[in-house]
Amino acid sequence: MRECISIHVGQAGVQMGNAVWELYCLEHGIQPDAKMPSDKTVGVSDDSFNTFFSETGAGKHVPRAVFVDLEPSVVDEVRSGVYRQLFHPEQLITGKEDAANNYARGHYTIGKEIVDIVLDRIRKLADQCTGLQGFLIFHSFGGGTGSGFTSLLMERLSVDYGKKSKLEFAVYPAPQVATAVVEPYNSILTTHTTLEHSDCAFMVDNEAIYDICRRNLDIERPSYTNLNRLIGQIVSSITASLRFDGALNVDLTEFQTNLVPYPRIHFPLVTYAPVISAEKAYHEQLSVAEITNACFEPANQMVKCDPRHGKYMACCLLYRGDVVPKDVNAAIANIKTKRTIQFVDWCPTGFKVGINYQPPTVVPGADLAKVSRAVCMLSNTTAIAEAWARLDHKFDLMYAKRAFVHWYVGEGMEEGEFTEAREDLAALEKDYEEVGMDSADGEDIEGGDEY
């Protein structure tokens, strides 16, 4: 059995966790009290959804997940919410005082008091697995817990479970909608620390998702619930192949093999289609070709950047629902003829395709329409360097004046860590730039007219 353990850190991680597990439960027909009427083989754990749920003798299905926050209020909502019976009380771990948007508190002072409890709990979950394949870590870059505690936890997971994959779902600080002034600091510190410990990180930019909700779902003022439900759909599409039997089952290591050409370049861009409200879906026919084309629209991306300015290194299309390979091949051939997509010259224009026959599920009463087919595209493109450049620029503006730095130093950090982290991100931008250069550029500049 190839189990995955989900770890939800900080407010963003926990709230994404709520949306994701709510959707998983609906998809698998698991009730809020963890019972699963459709599961006839009680106690037999060979069903594919057992990668994400463990089955108890009493026929309950418990998520293989841990929720961690350094302050209790957000996790308390889970403890008293609709799904309170779904989780084991020990899976919900909280501290007493929060990280106050401060990476140093999450990573050093407050985080280190709770990290052993969390690792113990993860160890217990790992012991219940027959063949653990890895961890999915949900967090934000901007918060103190999401940035500081996550990076501490990832370091420790690398020590304890060296060879296991670690995939992140990270909320990237939105350019316009910032919840904290120091988000650029936290983001850059956490990226620097986790860069070598993470195998693949799917970034989600709040602002991009705001725009999608506003534009495609006609929600004037999207709430976090709207955002998280949309993120839930995306996570569900990415993990569907692990939870259902499909024509092409992608496991965690397969993601890395196909999307990550170099260890540091592990930030795929996620695009999901169709995001459409019920009123519109009624009047539109969403064919395979249409949803595939929608994936190449910058407007449907989860991070604000323009792939038309970058080059693709790899591309995965994960379809679910009523989709046949013939339609997919036609859609891809059509896209290749348009040639709006530029691949790097050292990578053949390969699209990896996964088809899963389980149709997309929607949360009842939510904003998304029920559709018969959907697609999630994961592409590794050099355009995502734009996102890093934006963040680095903000970091520089503040750090030039050493604004807010004393809060970090006061919690036991050294100023050198800031410079070190910033240099690492400069190197990351450079890496992206080099990867996008044509391999012929280096040797011979004149022969530029072989088009």
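Using N, Cα and C of the backbone, Cβ positions are placed for all residues, glycine too.
Swiss-Prot lists GLU254 with the feature active site, giving similarity to another entry as the kind of evidence. The GTP binding site annotation in Swiss-Prot covers GLN11, GLU71, SER140, GLY144, THR145, THR179, ASN206, ASN228. Among the features that Swiss-Prot reports, Mg(2+) binding site is placed at GLU71. What Swiss-Prot lists as N6-acetyllysine is LYS40. What Swiss-Prot records for TYR451 is site 'Involved in polymerization'.
In the three-state DSSP classification, SER140 (GTP binding site) falls within a strand. In the shown protein chains, 25 other C-beta atoms lie within 10 A of the C-beta of ASN206 (GTP binding site). Largest Cα to Cα distance within the recorded GTP binders GLN11, GLU71, SER140, GLY144, THR145, THR179, ASN206, ASN228: about 23 Å as a whole number.
You'll find the Cα of GLU71 (GTP binding site) roughly 36 Å from the Cα of GLU254 (active site).
Local packing around the Cβ, expressed as the count of other Cβ atoms within 10 angstroms, is greatest for THR145 among the binding-site residues GLN11, SER140, THR145, THR179, ASN228. A simple way to gauge crowding: the CB of GLU254 (active site) has 17 other CB atoms within 10 angstroms, across all the protein chains here. When the alpha carbons of GLY144 (GTP binding site) and the residue listed as 'active site' are compared, the span between them is 32 angstrom. Distance from the CA of GLU254 (active site) to the CA of ASN206 (GTP binding site) is 27 Å. Neighbour density for GLU71 (GTP binding site): within 10 A of its CB lie 19 other CB atoms from the protein chains shown.
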